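Student: TrEMBL lists these features:
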type	residues	note
DOMAIN	69-366	domain 'D-isomer specific 2-hydroxyacid dehydrogenase catalytic'
BINDING	I128, N152	substrate binding site
DOMAIN	162-340	domain 'D-isomer specific 2-hydroxyacid dehydrogenase NAD-binding'
BINDING	R207, I208, D227, P262, L263, T264, E265, K266, N288, D314, H338, I339, S340, G341	NAD(+) binding site
SITE	R290	site 'Important for catalytic activity'
SITE	H338	site 'Important for catalytic activity'
Amino acid sequence: MAMRQATKAAIRACASSPSSGYFSRRHFNASSGDSKKIVGVFYKANEYATKNPNFLGCVENALGIRDWLESQGHQYIVTDDKEGPDCELEKHIPDLHVLISTPFHPAYVNAERIKKAKNLKLLLTAGIGSDHIDLQAAAAAGLTVAEVTGSNVVSVAEDELMRILILMRNFVPGYNQVVNGKWDVASISYRAYDLEGKTIGTVGAGRIGKLLLQRLKPFGCNLLYHDRLQMAPELEKEIGAKYVEDMHEMLPQCDVVVVNMPLTEKTKGLFNRELIGKMKKGVLIVNNARGAIMERQAVVEAVESGHIGGYSGDVWDPQPAPKDHPWRYMPNQAMTPHISGTTIDAQLRYAAGTKDMLERYFKGEDFPAQNYIVKDGELAPQYR
C-alpha cells in the first residue's frame, strides 16, 4: 500500500510542475469535457506485471493512468501488437486522437500511418527519443510530438558506465564459464584491463553524455567529448573533460567510444566501415543511443576481425530485434534488449511526465518547452 501511495504521489508531483517555453504557444482543440481516444503501445509484462506495484511501463499497468483517463470519459486502448497491416494498433489508427509509445517497444509511425490517422493530434513518447516517428511527416501534418525529457537520463548514463566496465573487464565470458561449469582464468584475463588511465570519448554530450562524463571522473580516465555545442568552461573544468570539435580527430584517440547522439537523417549509418576503420584496433564501443546509428554489418565484421574489441548496447534496428539479428551471435558482445532507460525509477518519472502532458493537452496548455520534438511544424534543434 505504501509503495502504491508513493507511486501516486510521484505522478501528482510531476503533474503539478510549472511549464516554460521557447516555442510559440499552441492551443490544442481539447478540454476536459471532450472525449478522446488514446492508444498506448507498451511491452507486455505477463507474469512480471504484478511483481512490483511501481512497474508502470508495461501493457498491463499502462503507465498507471487508466482509471484517471476513464474517469474523465476518455477511451484508453493499450496493446503491444504494433506491426503489420492486421495488428491491433492498425485497427485504431483511423480514429485515435493521441498515441503514446516508448523507445523500448516503439510504435513505428510512418507517413502512411499519419495520413490514415485523420483525428490524430498528439504523439507522446513515454521516455526519451522519438525517432520511431517520421518527424518530417508529423510536422507537415501539423501534429505535436513530445517526450518526457530528462526522465531516464540517469538510468541510461549509469547503464553506459556498467557496460564500459563489463567490456573492459571481459565480464561476460567469465559469467558464462560459471554458468557452464567451467573454470579457465587465463581465457578471461588475457584481455581484461583496468579503466584507470584509459581514454574515453563520448560522441554527443547532452544530458546523458554529461552525466556519464561526471560518473567517469573518479576512475581517473582521460575524458574527451564531441558535440555540436561546447560546454561552458567551468563545467568542462568541473568534469575534467576536453572538447574535440572534429569527431574524426577524437575517435582514433579513444580506447572506449560511447555513442550518445540522437538518430536523425544525418546520423543514420554514421558509424560505417570507413569511420570504424579510423578507430584504434581493439576499441570498445558502447551504444545505448540508437541501433541504426551503426551500420549493422560493419559492426559485425569489425568485431569478428578484432578491430572492435567489444561491443555493448541495448538498442537494435528494428526493435524488438529479430531472432536472426547478427549482433546476437557476434563474438565479444554484451548486448541486451532495450532496458537501460526503463528502470522502475525511470518508469515512475516518465509515467508522471506523460500524465502531466495529457493534463495540459486536455486543458489546451503548453507543455514544458524542453519536451517538444515537433510543434507548429517546427522540429526541435537536435532533430533538424
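The count begins at 1 with the first shown residue.
Placed from the backbone N, Cα and C atoms, the Cβ positions cover glycine too.
Any TrEMBL annotation is an automated prediction that lacks curation.
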Student: If you measure I128 (substrate binding site) to L263 (NAD(+) binding site) at Cα, how many Å is it?
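Tutor: For I128 (substrate binding site) versus L263 (NAD(+) binding site), the Cα atoms are 12 Å apart.
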Student: Could you round the CA separation between R207 (NAD(+) binding site) and R290 (site 'Important for catalytic activity') to a whole angstrom and send it over?
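Tutor: Spelling it out, the Cα of R207 (NAD(+) binding site) and the Cα of R290 (site 'Important for catalytic activity') are 16 Å apart.
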Student: With every protein chain in view, how many other Cβ atoms are within 10 Å of the Cβ of R207 (NAD(+) binding site)?
Tutor: 18
Student: Which residue, of the binding-site residues N152, N288, has its CB surrounded by the fewest other CB atoms within 10 A?
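Tutor: Comparing Cβ neighbour counts within 10 Å for the binding-site residues N152, N288 gives N288.
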Student: Say we define neighbours as other CB atoms within 10 Å of the CB. Which of the binding-site residues D227, E265 has the fewest?
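Tutor: Each of the binding-site residues D227, E265 was scored; lowest Cβ tally within 10 Å is E265.
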Student: Can you grab the distance from L263 (NAD(+) binding site) over to R290 (site 'Important for catalytic activity')? Cα atoms, rounded to a whole Å.
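Tutor: Spelling it out, the Cα of L263 (NAD(+) binding site) and the Cα of R290 (site 'Important for catalytic activity') are 6 Å apart.
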Student: Pop the Cα-Cα gap between N152 (substrate binding site) and N288 (NAD(+) binding site) into the table, whole Å please.
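Tutor: Per the Cα atoms, N288 (NAD(+) binding site) and N152 (substrate binding site) stand 12 Å apart.
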Student: Tell me, roughly as an integer, the mean pLDDT over the domain 'D-isomer specific 2-hydroxyacid dehydrogenase NAD-binding' (162-340).
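Tutor: Across the residues of the domain 'D-isomer specific 2-hydroxyacid dehydrogenase NAD-binding' (162-340) the model's pLDDT averages 97 on the 0 to 100 scale.
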Student: So how many other Cβ atoms are close to R290 (site 'Important for catalytic activity'), meaning within 10 Å of its Cβ?
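Tutor: For R290 (site 'Important for catalytic activity'), the 10 Å Cβ neighbour count is 24.
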Student: For the binding-site residues listed here, I128, L263, which shows the highest count of neighbouring CB atoms within 10 A?
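Tutor: Its Cβ has the most other Cβ atoms within 10 Å: I128.
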Student: Please give the NAD(+) site's span as the largest CA-CA distance among R207, I208, D227, P262, L263, T264, E265, K266, N288, D314, H338, I339, S340, G341, to the nearest whole angstrom.
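Tutor: Taking every pair among R207, I208, D227, P262, L263, T264, E265, K266, N288, D314, H338, I339, S340, G341, the longest Cα gap is 25 Å.
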Student: Of the binding-site residues N152, D227, E265, H338, S340, which one has its Cα closest to the Cα of R290 (site 'Important for catalytic activity')?
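Tutor: Sorting the binding-site residues by distance from R290 (site 'Important for catalytic activity'), the top entry is H338.
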Student: What residues, ordered by sequence, lie under 8 A Cβ-to-Cβ from S340 (NAD(+) binding site) and sit at least six positions away in the same chain?
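Tutor: Within the chain, S340 (NAD(+) binding site) has Cβ neighbours under 8 Å at N152, S155, V156, D159, E160, N288, D314.
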